[in-house]
Amino acid sequence: MTAGQSWFVLTLVGVCIGLNAAIVSIVSEWLSDIKMGYCSDGWWLNQQFCCWEIEGEEVDGCDSWRTWSHITLARWIIFVIFAMVFSFISSHLVRSFAKYAAGSGISEIKCILAGFVMQGYLGFATFFIKSITLPLVIASGLSVGKEGPSVHVACCIGSLVAGLFDNFRRSQSKMREIITAASAAGVAVAFGSPIGGVLFSIEEMSHTFSIKTMWRSVFCALVATFTLAAMNPFRTGKLVLFQVTYDRDWHFFEIIFFVILGIFGGLYGAFVIKFNLQVAAFRRKHLANHGVAEAVTLATLTAVIGYFNRFLRIDMTSSMAILFKECEGGGNVFNLCQTPAQWRISNSLLLATIIRIGLVVITYGCKVPAGIFVPSMAIGATFGRMVGIIVKAMYRSYPQSGIFKFCAPDVPCITPGTYAFLGAAAALSGVMRITVTVVVIMFEITGALTYILPTMIVLLVTKAVGDFLGTNGIADQMIRFNGFPFLEKEDHVYNVTVSTVMRKDLTTLLETGMRVKDVESHLSSTNFKGFPIVSSDGSLTLVGYIDRSEIRYVLGALPMFLVPCGPYSFLWVERARKNRGRLANTPCLFTARYQEPDDIDLAPEVHEDDEPEEYFAPTTAGEGINFWPWVNKTPMTVSPELPLEIVMQIFKRMGPRAILVEEHGVLSGLVTVKDVLKFIATEKPDHRPSWDDRGGLEGLLEEVWTWGSDNVSRILLWSRRILRR
C-alpha cells in the first residue's frame, strides 16, 4: 500500500490538473469572445461553438453571433470597457486575497524545489485565486500568457493533494518529487506536450532529477494530458488551439532564413530581459502600492492600441492558430495568402511584432497572473510569418533564380506558416534560454518530423546569440532580481575552501545561562532565520541549531506556556498577565537536563489551587523554559578545509538553509547560499562578465569593431607577405 500510494497520488494530481486546465481554457475562450459580442443561441457559447458550422477562423458571417454594436466606435468602447473590468477584478482579487497569485511562478517554484521555503505560496488560497483570475487576465487582452501560471497552479494542486497524505506531508523530499511531477504536468496540459513537459522539468525546474522522479513525472503528465483530451475543451480532438500538421518538406536554401529567425530570437530574448528588469525595478520603487491601477492602465492601453490591429485584437493563441496554418489548408484568414495584400499584411505583422514586444516588456511582472511563454511565441509567430511572406514574394518575383532551382514546379515552394512556427520557437527559446524542451514541444504541437532539423538549427542559432550576449533566462534573472538564494547548475567554484566564504562573526545562543530578555534581544536586533547553540563554558563547542520560527513559537505561546515538569513530560499552564515582567528573567534552556534515576518523578502531583507563578518562578538553577525539544541536535556541518564545490553540491541536491562549519567540534562559522552567490559575483576569478558589465550595446559594438579591425590588419599583413613571395 505504501508503494502504491505514490502512484495513486500522482494519478489524483494528474486528473485534477487536467480538469483545471480544461476549465481554464473553456472560460478563457468565452471571456475573450464576450468582448466582441454574444451568441443568440446560448449566452454560454463562445464564438467558435456558436458558429460551429462555419469553416475557418473568420465567423463574422454567422447569424447566431451578435456583435454588441454595428458602429465601430461603439464596439471599440465596449471592447476597452470589458478589458478594464476584467483586469480590475483580477488584480483586485490578487491584492486582497492572494498576493502570491501574481506573476508567473516559475522562478519561485525553482527556488522551492531547491529548498527555499515560501509559506503559503502553494496554498489553497493561491491556487483558488489564480485559477479564477487567470481566465480574466487572458480575456483582458494583457500581453501575458497562461502557460507559465499553469505550472504554478499545477504545483499548487500537487502540494495540496499530496498534503492530504501523511507520508508526503512529513517528507520534504517526497513532496518535492510530487511538485516536480506536477510542474511537468502543468507544461504538458498547457502545450499538449507530455514529453515536452517532462523535459521542461529536467532542463529548467529541478537541479536533481532521478530516474524515479522522471518516471513519476511522465506518468503524471500522461494522466493530466489524457484527462484534458477526454474533456476535449476545443471540440477538435486536439489538445491545444494552435495544433497544426505540416505535410510538405523544406529546402536547404531556406536555412539562410532560418538563421535570420534564430538571430531574431536571441536578440528578442536579450532585449526583453534587459528592459523588463529595468521596468521591474521602476515598478518596485514607484508602483508597489498601485498594483490594481497599474493593471487596469496596462489593460486599457493594450485594448486601445490593439483593437485596430487584427493580430493584436484577437486572443494570442487564436492568432497563432491562424499564423501557423498553410495557405492550402484553409489558412487564408485575414487575406494572409492573397498576393495583392501581401505587403499590407507584412506591414501589419511588423507593427504587431513591435507593439507586442513593447507591451510584453512593460506588462510582464505586473500584479496579476502573468506568463511570458505565449506572448513570446505570438511575437515570434508574427515576425516569422512576415519573413515567410517576404520569402514567398521573392520566389514569385524571381522563380527562375538559382536559389529557387530546387523548388518543384507543381508544388508550393514556400510555406509561410512554417516560418511562423519556427519564429515562435526561436522567441520562446530566446527569452527562456531552453533548447531541447522547445524542440520537443514544437514537434508534439505540429507532429511534423521533417521540421525537427530546421527547429534545431533555429534554436542553436538562438542559443549562440544569447550566449554571445551573455544573457540568462528571464526566470533566472527574476530570481537574482528578487534576491532569492538559488544556485544555478552552471555555478561552480574550484580551488576554494569553505573557510574563504563562511561568516565568522556569528550570533549564537548559549546552552544555559541565557534569559528570556536576552533571547528576545537577539531576535529584535537581528533578522537571521536561525541561531547556532554553543556551550556556555566559552569553548564554542557546537551543541545544536534552532530556527527563529521555533523560538518565536515557544516565546509567543501567550497566554499559554510550556513548563518542564520532569525530563519526559510537559505541562501547559495558564500564564497570568501580572507575571509578564517576571518572565523576562526566566532562564532559557537549550540543552537536555539529566537527573539521577532516583530523582526522576514521572508523575508530579499538580493541584488546581496552585498559583501559576510557582511553575514559572525558578526555584533551582536548573529550571526554566526548555527549548531542547525544538533544537536540531544534529545540524548539517562541514570542515573549514572542505572544498566549496562540495558545499555547493550539498546546497543544490539537499537544499539546506544553512550549513555550520566546525573544526573538531568547535564552531568556526556558517555558510548560506547567499554567501556563495556573493562570492561568485564579487570575487570569483573566472566569472564571466554580464551584458551590463561589458558595456551593453556600446560595449558590444566596440568589441566587434576591435575584433574586426584586428582581423582585417592580420589579413592585410598576410596578403602582403604572399604578394612579396
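Cβ atoms here come from the backbone N, Cα and C positions, even for glycine.
Record features (TrEMBL):
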TRANSMEM  7-27  transmembrane segment
TRANSMEM  73-90  transmembrane segment
TRANSMEM  111-129  transmembrane segment
TRANSMEM  149-166  transmembrane segment
TRANSMEM  178-202  transmembrane segment
TRANSMEM  214-234  transmembrane segment
TRANSMEM  255-275  transmembrane segment
TRANSMEM  287-308  transmembrane segment
TRANSMEM  348-366  transmembrane segment
TRANSMEM  372-395  transmembrane segment
TRANSMEM  438-461  transmembrane segment
DOMAIN    502-562  domain 'CBS'
TRANSMEM  551-573  transmembrane segment
DOMAIN    631-690  domain 'CBS'
Message = Should anything in the same chain at least six residues away from the transmembrane segment (7-27) have a Cβ under 8 Å from its Cβ atoms, list it; otherwise answer none.
response = 131, 134-135, 146, 150, 153-154, 157-158, 161-162, 165, 168, 178, 181-182, 185-186, 189-190, 216, 219-228, 230-231, 233-234, 241
Ask   = For the domain 'CBS' (502-562), what does DSSP give as the number of helix, strand and coil residues?
value = 18 helix, 20 strand, 23 coil
Message = Suppose I define contact as three or more CB-CB distances under 8 A, residues 6 or more apart in sequence; do the transmembrane segment (178-202) and the transmembrane segment (111-129) meet it?
response = yes
Query = Near the transmembrane segment (214-234), which same-chain residues lie under 8 Å Cβ to Cβ, leaving out any that are not at least 6 residues past its ends?
reply = 6-7, 10-11, 13-15, 17-19, 21-22, 25-26, 29, 48, 154, 158, 177-178, 180-182, 184-189, 192, 194-195, 197-198, 201-202, 240-241
Query = Out of 73-90, 111-129, 287-308, 372-395, 438-461, which stretch has the largest tally of CB pairs under 8 angstroms to the transmembrane segment (255-275)?
reply = 438-461
Inquiry  = On the 0 to 100 pLDDT scale, where does the domain 'CBS' (631-690) sit on average?
reply    = 83
Request  = Run through the domain 'CBS' (631-690) and tell me, per DSSP, how many residues are helix, strand and coil.
outcome  = 21 helix, 17 strand, 22 coil
Query = Sequence-remote contacts (6 or more beyond its ends) of the transmembrane segment (287-308), Cβ cut-off under 8 Å?
reply = 76, 79-80, 83-84, 86-88, 90-92, 94-95, 102, 140-143, 355, 359, 362-363, 366-368
